[in-house]
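Notes for the one structure printed next.
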Amino acid sequence: MEASVSSLRLQLQEQVNQTSVLLHEVELLKGGGGMKRRRSSISSSSIEGAPPAEGSTPSFMTVAELVSQNTSLKASVARLRNECEIEAQKELAQLREDWQKMDEAYKELAKVRETDRSTYEGLLSRADKEKKEMMEQIEELRKSLQDTASAATQADGTGDAGAGSGSSPSRGSSSAERKISLLQDKLETV
């Protein structure tokens, strides 16, 4: 595409130079002398320091040929402009499609993250609730253990009445201690 544009610019510059030469020749012919038919080509002209490539330099014999070449160049420029416009539209459509896909992926990711956040908050809330319940159970068991221990000491102090039931409070306190230990282990895992 760049080469085509460069070639067209070169041809356009050549046309300008040829027109200048033609006008100069017309002036010379008007001033006198015989009409000579001359093939005009300016090979010494250059655009951006690069000489025109051999065979790519348009030449003309008459004004009609110059007009024909000019028309041809205009058509080529219009065709290239249309091709560039079509290519740009394709690129724009592709960019829009890519943007839409990225936007949809972002929205989907946002939904997933929101769901994950809700799940995490639910789990955290449930864990806090379970922790509070376990702490309350531990406190109740400790209180029960203390009540049992104080009842056992009072029974030991009464003498005969506590002789048959002396082993029962120790079993109860041992059971309560195991429950407390289990609840504390469970609490640590939460």
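Keep in mind that glycine also has a Cβ here, set from the backbone N, Cα and C atoms.
What TrEMBL says about this protein:
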COMPBIAS  126-145  compositional bias 'Basic and acidic residues'
COMPBIAS  147-158  compositional bias 'Low complexity'
COMPBIAS  166-175  compositional bias 'Low complexity'
COMPBIAS  176-190  compositional bias 'Basic and acidic residues'
REGION    33-58  region 'Disordered'
REGION    123-190  region 'Disordered'
Same-chain residues near the compositional bias 'Basic and acidic residues' (176-190), Cβ under 8 Å, at least 6 residues beyond its ends:
127, 130-131, 134-135, 137-138, 141-142, 144-145, 148
When DSSP states are grouped into helix, strand and coil, how many residues of the compositional bias 'Basic and acidic residues' (176-190) land in each?
14 helix, 0 strand, 1 coil
Residue counts (helix, strand, coil, in that order) that DSSP gives for the compositional bias 'Basic and acidic residues' (126-145):
20 helix, 0 strand, 0 coil
Residue counts in helix (H, G, I), strand (E, B) and coil for the compositional bias 'Low complexity' (147-158), per DSSP?
12 helix, 0 strand, 0 coil
